Protein chains: 4
Amino acid sequence: MSNSFGKIFKITTYGESHGVGIGVIIDGCPAGVKVDEAFLQSEMQRRKPGQSKITTQRKEEDVVEILSGIFDGVTTGTPIALGIRNTNQKSKDYSHIKDSYRPSHADYTYQEKYGVRDYRGGGRSSARETAARVAAGAIAKMYLEQAGINIQAYVSQVGSLKLEKQYQEMDLNKAEENIVRCPDPTMADKMIQHIDDTRKSRDTIGGIVSCVITGTPVGLGEPVFDKLHAILGQAMLSINAVKGFEYGSGFEGVKMYGSEHNDRFETENGKVKTTTNHSGGIQGGISNGQDIYFNVAFKPIATIMNDQESIDKDGNKVTVKGKGRHDPCVVPRAVPIVEAMAALTIADFMLRAKTNKI
Amino acid sequence: MSNSFGKIFKITTYGESHGVGIGVIIDGCPAGVKVDEAFLQSEMQRRKPGQSKITTQRKEEDVVEILSGIFDGVTTGTPIALGIRNTNQKSKDYSHIKDSYRPSHADYTYQEKYGVRDYRGGGRSSARETAARVAAGAIAKMYLEQAGINIQAYVSQVGSLKLEKQYQEMDLNKAEENIVRCPDPTMADKMIQHIDDTRKSRDTIGGIVSCVITGTPVGLGEPVFDKLHAILGQAMLSINAVKGFEYGSGFEGVKMYGSEHNDRFETENGKVKTTTNHSGGIQGGISNGQDIYFNVAFKPIATIMNDQESIDKDGNKVTVKGKGRHDPCVVPRAVPIVEAMAALTIADFMLRAKTNKI
Amino acid sequence: MSNSFGKIFKITTYGESHGVGIGVIIDGCPAGVKVDEAFLQSEMQRRKPGQSKITTQRKEEDVVEILSGIFDGVTTGTPIALGIRNTNQKSKDYSHIKDSYRPSHADYTYQEKYGVRDYRGGGRSSARETAARVAAGAIAKMYLEQAGINIQAYVSQVGSLKLEKQYQEMDLNKAEENIVRCPDPTMADKMIQHIDDTRKSRDTIGGIVSCVITGTPVGLGEPVFDKLHAILGQAMLSINAVKGFEYGSGFEGVKMYGSEHNDRFETENGKVKTTTNHSGGIQGGISNGQDIYFNVAFKPIATIMNDQESIDKDGNKVTVKGKGRHDPCVVPRAVPIVEAMAALTIADFMLRAKTNKI
Amino acid sequence: MSNSFGKIFKITTYGESHGVGIGVIIDGCPAGVKVDEAFLQSEMQRRKPGQSKITTQRKEEDVVEILSGIFDGVTTGTPIALGIRNTNQKSKDYSHIKDSYRPSHADYTYQEKYGVRDYRGGGRSSARETAARVAAGAIAKMYLEQAGINIQAYVSQVGSLKLEKQYQEMDLNKAEENIVRCPDPTMADKMIQHIDDTRKSRDTIGGIVSCVITGTPVGLGEPVFDKLHAILGQAMLSINAVKGFEYGSGFEGVKMYGSEHNDRFETENGKVKTTTNHSGGIQGGISNGQDIYFNVAFKPIATIMNDQESIDKDGNKVTVKGKGRHDPCVVPRAVPIVEAMAALTIADFMLRAKTNKI
């Protein structure tokens with residue numbers, strides 16, 4: 001396995017869905033970051049299950065305990081360990097999949113790879129793991145905030161319902177004012193209705209989370225393999241259910257001519273800027289000081305409430321029952337996870353950039 | 001910088017566009033791989049400039065010298081160093097950009113990040129660096145071939161010209177029979193014409209490279225952060241001019257319902273397979289034995305033959321002349337690069353998977 | 001900081017002496033290792049304070065809680081998190097060093113490096129951190145035992161009292177039969193007396209821990225930088241209070257001629273062996289199948305019960321009081337720590353060696 | 001294999017003794033280091049064979065070619081590749097060991113580990129690889145010199161001839177004035193005579209290299225596993241023929257009481273210093289601003305000119321002829337290698353320390 005992310009601001013997560021608990025060690029957080037525990041806990045609330053009618057009704061309080069690395073409200077440079085106890089596991093809910101492989105889940109691949117698996121709730125492959133990322137991401141956000149960097153994600157698509165407005169045209173703070181986390185209230189209502197309909201039909205639906213990072217200095221990203229967008233891409237693709245990543249002009253940009261796509265440099269009040277930003281704030285894998293923006297595609301999650309045909313570990317046909325408490329659409333709860341992974345990526349590059357010159 | 005890729009089968013590349021040469025060290029290639037030097041050189045031919053009328057007319061022979069790690073035609077387990085001399089640099093071509101920032105290039109970001117840059121031909125930020133990747137990828141391919149794994153990329157879109165056929169409907173070997181590397185001859189002709197028209201208008205155009213990996217065992221990929229598709233994504237996004245990555249159902253998959261998207265398991269001749277493959281051969285970040293397929297979006301490259309307005313390092317307005325010898329569309333030459341990065345990724349995961357069980 | 005050790009069997013530790021707790025994540029332990037919780041706890045007992053009259057009288061029960069990665073008594077290949085709560089911190093004992101720098105401690109260097117420090121009991125620099133290593137080492141030992149590898153350390157020197165017998169001349173199991181952990185009972189008595197005398201004079205004394213590893217296959221160690229003895233050396237030198245490391249003939253070997261020092265190969269029952277073993281079981285950085293043995297030098301620990309002159313953070317002269325509960329000699333309790341670090345090193349190389357050949 | 005060293009200032013070496021050439025990539029050298037090619041080449045001269053009557057009479061000019069990463073005499077932050085062609089290989093000298101295992105060499109372990117080996121001159125296991133380290137170390141030294149850090153190694157023991165003077169009592173610059181590199185002229189003469197006598201008896205002898213680092217800032221070293229002395233230890237132990245490492249009071253320190261061993265802090269001209277330096281300039285794994293000093297033990301090298309009994313790969317008894325051109329004592333040529341590895345270690349920690357605080 002590889003449960004670490006980052007080169008300097010490095011996290012390592014642990015824990016299974018239905019084990020004793022989950023958590024994370026942050027190794028390499030610089031000393032001197034002021035830590036606001038209430039903010040940390042509030043980030044957990046944004047991700048936690050049961051927060052609205054369009055999320056799973058499972059209840060996890062996700063209280064984070066700080067075990068080390070913070071003293072008198074400030075990071076000390078030593079490893080920060082954050083632990084979360086699992087409190088609401090209904091393990092018996094999962095006995096039906098002990099020997100069966102749920103379609104498009106990781107049951108089969110884990111069993112083959114390791115020869116053994118903790119089948120309860122998906123074990124390590126469960127998206128419960130992302131709670132640890134959100135906790136670590138909250139620390140990264142506090143570090144970045146002190147450097148003037150802001151990260152804001154929001155839902156821009158649910159199924160075929162696509163928000164056509166660009167991020168500059170909206171007040172992104174409005175995203176947190178509705179349960180689907182779309183900054184456009186009209187579209188938000190439609191999305192909520194669509195998710196609720198999907199839930200009633202015992203099905204699931206996909207969506208897209210968009211994210212904007214403002215305030216980054218010029219110089220983040222480490223070519224040639226750890227280009228800023230390459231590691232952002234890895235970070236996002238490592239989140240459960242993600243199928244695609246694009247930044248700046250993205251997939252649409254392939255249709256453009258170079259003469260249209262190129263971002264012209266100019267100076268404004270002595271500061272270099274570009275008149276357009278198809279580059280998405282990144283040139284040659286390095287931030288250029290403009291806004292960084294990207295999209296993350298989430299598939300419809302695999303757990304549906306309807307019965308499905310599958311096989312068991314011996315290859316026999318079985319019917320997998322639609323049981324448990326799950327999200328009809330993952331994107332509302334994915335918003336803080338995308339932000340957390342973005343924050344962890346940027347925090348790491350902030351530190352790496354300190355070593356570029358003598 | 002971070003010029004290494006891979007955890008066990010690890011490459012480190014070096015070299016600037018107009019320096020003495022470029023190259024790569026492969027550290028961690030297992031002993032016992034039979035090395036076919038002719039194949040290695042033929043891979044270089046697929047990437048080299050000047051190969052057809054729709055690529056740059058720059059000439060680089062890109063002869064690879066094997067410096068270490070191979071003895072009596074077999075890898076010895078020691079580091080394999082491959083060197084390529086630069087032979088056709090016309091450095092004076094670049095004096096005009098010594099102090100100017102070309103739009104959407106890395107001139108500005110490198111200058112700011114390092115305080116100094118080798119401006120000749122983009123220096124380290126030039127796509128010339130990818131020649132070293134192709135050389136290393138050729139070694140990875142030889143290793144994978146002996147394990148029965150095949151990697152095949154092709155051009156599936158140029159500008160708005162999109163190949164609608166799925167990879168299963170075509171003979172992918174036909175991709176190498178035309179200069180744009182599209183396996184559909186009719187579409188290939190259209191694409192070639194489109195690129196040629198773009199070249200004549202002194203502009204550039206984007207495109208998409210698709211890739212299919214067959215023959216992988218179940219179990220490749222290291223959750224939770226080094227999921228197979230997450231590292232494939234990083235690998236692809238690290239290639240010059242890439243703006244997006246998607247695998248399996250990708251961005252289109254967000255529109256689907258879970259009941260449609262889920263891939264049903266069944267057994268065929270005692271072997272587990274899925275009836276559909278929206279998962280793109282990867283579940284929970286681990287290969288499931290089905291075909292792995294993905295798309296990589298390339299922007300129109302930034303170097304165009306028309307003059308462009310920009311600024312110099314002091315912020316003064318300048319006109320950047322359209323000079324040099326460049327590709328009107330990068331995707332035909334990107335095909336072997338995508339394959340190389342895929343081969344390097346899979347080779348690394350093949351070795352990592354050996355350590356999963358006692 | 002760098003709180004991780006190992007490339008594949010990788011541990012990351014956290015925790016301060018007087019914080020909430022300490023612990024470790026093991027990422028990369030192969031699936032299928034049978035876990036004996038009683039053995040894990042018994043290893044903790046060997047390191048814990050208060051175990052005899054010649055150790056600190058501080059009491060810590062060091063109960064390890066398994067938080068993840070083990071299911072039905074077997075490792076699952078997912079990260080194994082082990083947590084230990086701190087129970088007996090007397091933080092007020094340390095208020096006297098809040099602003100003072102204890103001689104030969106890490107107070108000054110931590111303060112300068114990070115600008116802030118958790119001064120209670122040395123915080124992160126306390127040897128309490130090694131409890132997490134012993135817990136992780138116990139898992140490594142279980143893995144190695146299933147591969148037939150055994151690790152045994154013992155005390156071979158206390159102050160000037162040096163055990164002249166070679167390890168082959170003694171029954172190393174006897175080391176656990178006395179409180180100083182020296183396999184020679186007569187010498188053990190002398191050492192115990194010496195430590196007790198030192199304790200009574202409110203002083204501390206150094207010592208040497210020797211270690212023997214048997215049953216390793218040929219092929220462990222990854223040249224040229226991760227030679228087996230180089231990483232063993234790093235592992236040992238990373239333990240608190242260690243000043244030196246030597247393996248095989250060590251420092252004495254420099255006096256020998258090559259004709260004496262060279263170990264002659266021969267075969268015995270079809271198996272390759274050497275007639276002497278000055279190489280210490282390692283040639284060219286790779287295990288050769290013979291016993292691996294090495295010595296680790298520990299300085300007298302810096303905390304003494306007598307008052308000492310020093311300075312405070314403003315450079316003023318202060319007297320540091322001899323307070324707290326500390327070990328007069330660290331080596332008896334260091335034995336399981338040396339074993340743990342050796343086990344972690346060997347476990348990592350066992351996994352790395354799986355990737356040497358196709 | 002693992003042919004990389006360093007986390008940020010990271011080197012990767014390649015090359016076999018009798019292949020095309022050897023070399024190194026430095027990835028992570030900060031931009032802005034002024035490079036003096038003459039100094040680089042002069043460092044190679046200090047290590048090269050054939051430099052005096054007490055070294056091997058093999059001739060290698062070891063001319064370093066700079067392939068990338070330096071532009072207009074300054075490092076650019078991109079990877080620095082340095083190549084050295086092998087020019088004086090007499091490969092036929094080694095046909096006699098194609099199938100035989102030389103005693104205390106790496107022939108047997110490489111063969112078993114990889115199933116194949118380049119037997120010519122030891123291939124990758126040859127100390128020829130260290131030429132690449134010296135080249136990289138020269139770049140590291142130029143970086144450190146600009147930061148006011150100086151590294152000086154010298155020979156302090158040959159066989160039983162031990163220099164009893166401490167480094168403070170001598171002018172270390174005198175070490176380069178004689179061929180054995182001992183700063184005490186009288187002892188130097190004795191050592192030279194001893195090595196020459198050993199050479200005449202067709203044998204080899206061991207020795208110790210001592211090293212002193214001055215001018216380091218407080219704060220280098222990354223606990224808990226990458227303590228400054230732990231990585232210095234790994235660095236030194238990774239050099240061919242090294243059997244032991246100790247720093248500060250080292251193995252002798254175990255005999256001391258804490259009350260003697262502790263280094264008292266005081267201030268001098270507003271600067272913190274210690275009155276003694278048993279700590280060797282490192283406390284808690286972090287540099288404290290005092291001189292760093294350590295010893296490295298080298299065994300007598302295994303290649304002797306007398307015939308030796310051994311076995312071949314099939315286990316048959318063979319006589320290994322004493323052939324080739326080799327060093328009777330490795331320490332004079334090891335001095336620049338020890339310095340190079342120290343420089344690489346310190347350079348890496350200088351960069352890592354930049355990330356400790358916000």
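Glycine too: its Cβ is placed from the backbone N, Cα and C atoms.
The NADP(+) binding site annotation in TrEMBL covers B:Arg47, B:Lys53. The annotation FMN binding site is assigned in TrEMBL to B:Arg124, B:Ser125, B:Ser126, B:Asn240, B:Ala241, B:Gly284, B:Lys299, B:Pro300, B:Ile301, B:Ala302, B:Thr303, B:Arg325.
Here the features listed in TrEMBL are placed on the structure.
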residue  : record               : Cβ within 10 Å
B:Arg47  : NADP(+) binding site : 25
B:Lys53  : NADP(+) binding site : 12
B:Arg124 : FMN binding site     : 30
B:Ser126 : FMN binding site     : 21
B:Ala241 : FMN binding site     : 22
B:Lys299 : FMN binding site     : 27
B:Ile301 : FMN binding site     : 23
B:Thr303 : FMN binding site     : 24
In Å, rounded, how far does the Cα of B:Ser126 (FMN binding site) sit from the Cα of B:Arg47 (NADP(+) binding site)? 14
Between the Cα atoms of B:Lys53 (NADP(+) binding site) and B:Ile301 (FMN binding site), find the distance and write it as a whole number of Å. 17
Write down the Cα-Cα distance for B:Arg47 (NADP(+) binding site) and B:Arg124 (FMN binding site), rounded and given in Å. 18
Contacting chain A at Cβ under 8 Å, from the binding-site residues B:Arg47, B:Lys53, B:Ser126, B:Ala241, B:Ile301, are B:Ile301
Spatial separation of B:Arg47 (NADP(+) binding site) from B:Lys299 (FMN binding site) - C-alpha basis, Å: 18
Residue pair B:Arg47 (NADP(+) binding site), B:Ala241 (FMN binding site) - Cα distance, angstrom, rounded: 15
Less than 8 Å, Cβ to Cβ, versus chain D; work out which of the binding-site residues B:Arg47, B:Ala241, B:Thr303 satisfy that and list them by sequence. none
